[in-house]
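See structure below.
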Amino acid sequence: MSKPIVMERGVKYRDADKMALIPVKNVITERDALLRKPEWMKIKLPADSTRIQGIKAAMRKNGLHSVCEEASCPNLAECFNHGTATFMILGAICTRRCPFCDVAHGRPVAPDAEEPQKLAQTIADMALRYVVITSVDRDDLRDGGAQHFADCITAIRAKSPEIKIETLVPDFRGRMDRALEILNATPPDVFNHNLENVPRIYRQVRPGADYNWSLKLLERFKEAHPEIPTKSGLMVGLGETNAEIIEVMRDLRRHGVTMLTLGQYLQPSRHHLPVQRYVSPEEFDEMKAEALAMGFTHAACGPFVRSSYHADLQAKGMEVK
């Protein structure tokens, strides 16, 4: 029997070390290993990387993190080259260990009390008009990190009064009442929380999370702020069916969610959950049509769509795919 990993505070555990800590083991079959990316999944890198390096330098200067880098997002080059990034607060170590995600797992250090001001200054220096703030899960904090979100929102608005802020929040497991009390006092312009996938395979995809809890979080925020758009997204290609995706979309509408994102799951490493299928652009178009027919005010559905992909355009109701 192998010895359990003793996690040191502040150390990032990735790939095999991270997956070894997950109770539900995922076996990669020969078919999974041979599944190749179709033509529509090939990415063109920009010829000039000057702006990409500039954003990375600004992040490093202030000790900030982007989910684009930490989660190995396939759109990093495109977004950075257009001068946009999704900031990840509360450190770069997550207390969860979801097998689809490339963010490191471990025992995080205490939140940086200066991060809200550093973040606000960086955003002001970049002259951003729309910003997405997300975080790792912080199950070690009594409020799940909600107060830190609120502090960041307050600091950003103080330096950039005209900016629009979207928050992509964790589920605040076991701390919903306290978290919503804080966030209701300092609400963002868009409230986003991702369901990620369908209930049937939740235990494999999101160990430690609960489908109905996440729906309730979205619903309760919407009840408190009916004027603020609520948003959620799924990764597809993890073993779900299109019919199951449609049913999740119905659940989201029943809980007041008005904006939707659907994108193709990509395996960060051979240690993560394998891709079970590649969903075609035509299928994404069909699901978008279904979403709009259900009453979503905006639906971004396509192979490379991620929750914060061109989030400013999504908020304006413009086409994103």
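Count begins at 1; order follows the chain as displayed.
Glycine too: its Cβ is placed from the backbone N, Cα and C atoms.
Annotated features, as they stand in Swiss-Prot:
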type	residues	note
BINDING	Cys68, Cys73, Cys79, Ser308	[4Fe-4S] cluster 1 binding site
BINDING	Cys94, Cys98, Cys101	[4Fe-4S] cluster 2 binding site
DOMAIN	80-297	domain 'Radical SAM core'
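Counting every protein chain shown, the number of other Cβ atoms lying within 10 Å of the Cβ of Ser308 ([4Fe-4S] cluster 1 binding site) is 27. For the recorded [4Fe-4S] cluster 2 site, residues Cys94, Cys98, Cys101 set the reference point as the centre of their Cβ atoms, and the other residues of that chain within 8 Å of it by Cβ are Arg96, Arg97, Phe100, Asp102, Val103, His105, Val136, Asp137. In the three-state DSSP classification, Cys101 ([4Fe-4S] cluster 2 binding site) falls within coil.
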